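According to TrEMBL, the Mg(2+) binding site annotation covers D19, E206. According to TrEMBL, the feature active site maps to D19. What TrEMBL lists as substrate binding site is 20-24, R32, H36, 64-66, W68, R70, R187, 193-195. The active site, proton acceptor feature in TrEMBL is assigned to N67.
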Amino acid sequence: MKDNINSENLPQHIAVIMDGNGRWAKKKGARRVFGHKNAVKAVRDVTEASAELGIKYLTLYAFSTENWSRPKAEVEALMKLLVSTIRKEVKTLVKNNVKLQSIGNRDDLPKGCQRELAEAIELTKDHTGLTLTLALSYSGRWDIVNAVKDIAHDVKNGKVDPHDINTNLFSKYLSTDKMPDPELMIRTSGEMRVSNFLLWQLAYSEIYISPILWPDFRREHLYEAIIDYQKRERRFGKTSEQVNLLND
Ligand code: IPE
Ligand code: IPE
Ligand code: MG
């Protein structure tokens, strides 16, 4: 499977909506939290495989703004799991030259989480391999509204002339400013929606929906998604003929 991947045409940035933990647990007659615990294995495998392939950016949707509305016990269990996972996995990140970062409203997270995350980010900040971005208390609308606030502030301070506001400048105010937009977005568990993920950044992403529930997702499934991506024709509004002319 891995041999069928064209290393010349890898996406630089893969974004994943890790979905289906609850259903995975339910199928096993277990509680939802059991699904979240088993999700960590998938995160580890996909991160390792991405680093090995030479993918530059992997962004994982781990907790949305809307997920705060889940039952309190589930939210608490997820936050605890986040702390223990970062603590356990940081060694592997160091070993694999992975740089960790996060996007989302970090202030919303419990203090312990914020501390653990900040430490791991600091420890891996000079790594030059894969950049692993965890989207935590993240939503696309939050990101856009934040960008608007910051731009408004800079306009008020005279740093930005309203005439200079364009898509390029706007992108620089988003939480993903240092990253290219994802060429490939994967969602697991067969769900066909964006659920307030990277709304701006997904404008031209290729979308791949996998039926696999996230705790069962492994590197082979990632390879399948990349191979599928490599078969697509990305037209960016142009005609197929124009695209083929450019490629000749
Ligand atoms: C994804 O799995 C994990 C989070 C959103 C935190 P879910 O918990 O959404 O699992 P399902 O969709 O209920 O199966
Ligand atoms: C999206 O999954 C958020 C994450 C994977 C973190 P959800 O399970 O929360 O999405 P909906 O509610 O089914 O749209
Ligand atoms: Mg879900």
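Cβ coordinates are placed from backbone N, Cα and C, and glycine is handled just like the others.
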- Note on the structure: Rounding to whole Å, the Cα atoms of H36 (substrate binding site) and E206 (Mg(2+) binding site) are apart by 27
- Taking the recorded positions D19, T65, N67, W68, V194, which residues show a Cβ-atom distance to ligand 3 below 6 Å? D19
- Can you check what DSSP calls V194 (substrate binding site), collapsed to helix, strand or coil? coil
- Across all protein chains in the structure, which of the binding-site residues W24, W68 has the highest Cβ count within 10 Å? W24
- Result for ligand 1 contact check over binding-site residues W68, R187, V194 with Cβ cutoff under 6 A is none
- Item | For T65 (substrate binding site): intrachain residues, at least 6 apart, with Cβ closer than 8 Å | G104, N105, S137, Y138, S139, R141, W142, N196
- What does DSSP assign R187 (substrate binding site), in three states? strand
- Item | Cβ under 6 Å from ligand 2: qualifying binding-site residues of D19, G20, G22, W24, V194 | D19
